[in-house]
Amino acid sequence: MAIINMSDLDLQGKRVLIREDLNVPVSNGVVTSDARLRASLPTIELALAKGAAVMVMSHLGRPTEGEYNPEYSMQPVVDYLAKALSCPVSLATDYLDGVDVAVGEVVVFENVRFNVGEGKNNEELSQKMAALCDVYVMDAFGTAHRAQASTHGVGMFAPIACAGPLLAQELDALGKALDNPARPMVAIVGGSKVSTKLTVLESLSGIVDQLVVGGGIANTFIAAAGYNVGKSLYEADLIDEAKRLVANAKSRGADIPVPTDVVVAGEFSPTAAATLKSVSEVADSEMIFDIGPDSAEALAKIIESAGTIVWNGPVGVFEFDQFGEGTKRIAQAIADSKAFSIAGGGDTLAAVDKYGIADKVSYISTGGGAFLEFLEGKELPAVAMLEKRGA
């Protein structure tokens, strides 16, 4: 990919505008989870160390476009960065017609979604943003799948458009996992519905050696294998689709294994009593909430022999401990594996945190929707823009 990297540029005395993903949860004016802010710090610090005057922009939440709403202000992010960085940090609320920023300073722009035209990638807005800088840095992988003014349009008009270190790392890791994977390649795809992950399943079933399905998705494959799933969440209208995916995988020597044992309950609740059963014994009144220990061990063996692991989604309702053993065993197997592993998606990251394996996963993706679209083989608009500008 012919993408210019920020780390290769001379930024001395330059006005550098960085698009980060600083969309963090805020309660009573205080940031409650700082993972994305911590991830962005090295990029901001590198720009400062290179002698730049730094401007940072991001969205936060989903305000009505074009309307200022204090609930979605970037002020809590500014407060956080002011403590984390050893330089002056301020908030610019009215910046489209020009902003004063000196070398060694950071100015954070107010929420980009307060601007009319952000979501529709408005050309006039994009040009105004581009006029503020000498160098535009796209560093927000989490929004790379959206063609918006702050993620795409501005980069088309800025004097120079480049990728920040965080985005570059993300693309390298995903490329390593998907473009030239060490074999065997194993993908674990969980989640509640086949329909929301159908394109991912299609794409991965064509490249992996083993495609492990979990959660509600697995229930549809269990039903497709001819077993009763009781009152479990599954999609009857996609059973033929599941059969087709299994047949496709088998035709190229790959596999989509179905659990042999499952953990069931009569209701979905934190106090529901868990019962272990063979997959062939699920009663009409029961719901499947996890894979059983035999299935978990079989999957762990598949993971142990893998060369590349892509993990997107838990295999059970791990929020309730009695239905979390399957996901816990898979997390442990990934942690113990010597394979190159990449994990992404909100529920997956929650599982990584819960089972304390963050430092054992080769790469943790910061993007939810962007991670999925990359797995689907789709072109990400922000990446396409950077390639065009780098050519």
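Yeah, the Cβs are placed from backbone N, Cα and C, and that goes for glycine too.
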Among ARG146, ARG183, the candidate listed by Swiss-Prot alongside ASP21, LEU22, ASN23, ARG36, HIS59, LEU60, GLY61, ARG62, ARG113 for substrate is ARG146
Given Swiss-Prot annotates LYS197, GLY345, GLY346, ASP347, THR348 as ATP-binding, which of GLU319, GLU325 belongs to that site as well? GLU319
Starting from the substrate site formed by ASP21, LEU22, ASN23, ARG36, HIS59, LEU60, GLY61, ARG62, ARG113, ARG146, give every other residue of that chain whose CB sits within 8 Å of the mean position of their CB atoms, in sequence order. SER58, ASN111, VAL112, THR143
Nearest to GLU319 (ATP binding site) by C-alpha distance, among the binding-site residues ASP21, ASN23, ARG113, is ASN23
Among LYS197, GLU319, GLY345, GLY346, ASP347, THR348, the annotated ATP contacts, find the widest CA pair distance and round it to a whole Å. 21
Would you give the longest CA-CA distance, in whole angstrom, between residues of ASP21, LEU22, ASN23, ARG36, HIS59, LEU60, GLY61, ARG62, ARG113, ARG146, the set recorded as binding substrate? 18
Measure from the Cα of GLY61 (substrate binding site) to the Cα of every one of the binding-site residues LYS197, GLY345, THR348, then give the nearest. GLY345
Could you tally the C-beta atoms, other than its own, that fall within 10 angstroms of the C-beta of GLY345 (ATP binding site)? 23
Write out the long-range same-chain contacts of ASP21 (substrate binding site), meaning residues 6 or more apart in sequence whose Cβ is under 8 Å from its Cβ. ARG36, SER40, SER58, ASP139, ALA140, PHE141, GLY142, THR143, THR366, GLY367
